[in-house]
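**Student:** Quick paste from TrEMBL:
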TRANSMEM  27-51  transmembrane segment
DOMAIN    42-291  domain 'G-protein coupled receptors family 1 profile'
TRANSMEM  63-83  transmembrane segment
TRANSMEM  103-121  transmembrane segment
TRANSMEM  142-165  transmembrane segment
TRANSMEM  198-226  transmembrane segment
TRANSMEM  238-254  transmembrane segment
TRANSMEM  274-293  transmembrane segment
Amino acid sequence: MARGNWTRVEEFILMSFSSLPTEIQSLLFLTFLIIYLVTLMGNSLIILVTLADPMLHSPMYFFLRNLSFLEIGLNLVIVPKMLGTLLASDTTISFLGCATQMYFFFFFGVDECFLLATMAYDRYVAICSPLHYAVIMNQRTCAKLAIASWFPGFPVATVQTTWLFSFPFCGTNKVNHFFCDSPPVLRLVCADTALFEIYAIVGTILVVMIPCLLILCSYTCIAAAILKIPSAKGKHKAFSTCSSHLLVVSLFYVSSSLTYFRPKSNNSPESKKLLSLSYTVVTSMLNPIIYSLRNNEVKNAFGRTFRKALDLRNCIP
């Protein structure tokens with residue numbers, strides 16, 4: 001296309017769920033608002049309780065606290081704007097705003113993949129080398145693993161976002177999604193994007209598969225170790241220490257893989273929106289619920305923290 005036909009795009013229009021009737025959009029607004037508030041409250045409580053309770057000052061809950069920070073960040077990037085499009089029909093987002101949203105979506109999404117792998121390694125050491133767990137997973141090692149989990153998001157988000165938004169945009173500026181994800185924004189580009197698409201595919205596969213393989217290796221070793229435990233009670237106790245993490249990993253990887261690795265012919269925009277909701281909004285809400293309901297240490301810590309808060313309140317004249 002000739003350069004003279006290119007139009008400088010200064011803002012985008014998020015189509016979100018505009019094709020649905022107003023009544024349905026209002027219902028979606030209330031639903032997502034409740035999910036958003038539950039997500040913020042649940043993950044914030046996980047952070048506060050794991051900091052306040054000395055019984056939870058262990059590597060497992062250190063990484064869980066990092067996961068809660070990621071979930072809060074991911075929701076703050078996506079959900080408020082989505083709620084605005086449903087409530088006030090304010091579907092516009094500036095060029096810079098769209099790029100910023102995409103950057104932090106990639107940043108938090110990539111970091112979550114690697115953090116889940118780090119949490120799997122922590123469970124592997126706890127179950128396969130319990131006598132050396134405190135030595136291997138010392139404070140210094142945990143800090144290094146946390147930094148290594150947070151770092152990959154920076155180069156991936158920087159390269160992919162900068163490269164995509166350096167392309168010229170022409171024609172429509174309507175993004176058929178509820179946030180600025182790479183595939184729907186890429187469709188608005190009026191230039192040859194073949195090299196970028198190859199990079200995006202290879203990058204996505206590496207970002208998803210490397211942590212996924214680490215998780216599979218960790219849980220293969222964990223399963224082998226659990227099978228060697230002679231008593232059924234011992235097997236149940238060992239499995240219960242990693243069941244919450246395994247459920248969270250399954251939810252995240254199944255929903256994100258269905259979103260990005262389905263054939264284009266089977267991937268309609270509406271179905272992709274629903275799948276995107278599952279791993280960007282719903283999973284973030286379920287994570288603190290899963291760790292609270294399936295973990296007796298967290299449930300007991302909640303009880304101790306609330307009792308301390310009540311006692312402190314009663315002491316105040």
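Note that Cβ sites are derived from N, Cα and C of the backbone, with glycine treated the same way.
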**Student:** Near the transmembrane segment (274-293), which residues from the same chain, at least 6 beyond its ends, have a CB less than 8 A from one of its CBs?
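**Tutor:** Here the qualifying positions are 32, 35-36, 38-39, 42-43, 45-46, 64, 67-68, 71-72, 74-75, 78-79, 105, 177-179, 181, 244, 247-248, 251-252, 255-256, 258-259, 299, 302.
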**Student:** Select the range from 27-51, 63-83, 103-121, 142-165, 238-254 that forms the most Cβ-Cβ pairs under 8 Å with the transmembrane segment (198-226).
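**Tutor:** Per the Cβ count, the answer is 103-121.
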**Student:** Cβ pairs under 8 Å with the transmembrane segment (103-121): which stretch of 27-51, 142-165, 238-254 has the most?
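**Tutor:** If we count Cβ pairs closer than 8 Å to the transmembrane segment (103-121), 142-165 scores highest.
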**Student:** Count the Cβ pairs between the transmembrane segment (142-165) and the transmembrane segment (238-254) that lie under 8 angstroms and are 6 or more residues apart in sequence, then report whether there are at least 3.
**Tutor:** no
**Student:** Looking only at the domain 'G-protein coupled receptors family 1 profile' (42-291), what is the model's average confidence as pLDDT?
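**Tutor:** Averaged over the domain 'G-protein coupled receptors family 1 profile' (42-291), per-residue pLDDT gives 88.
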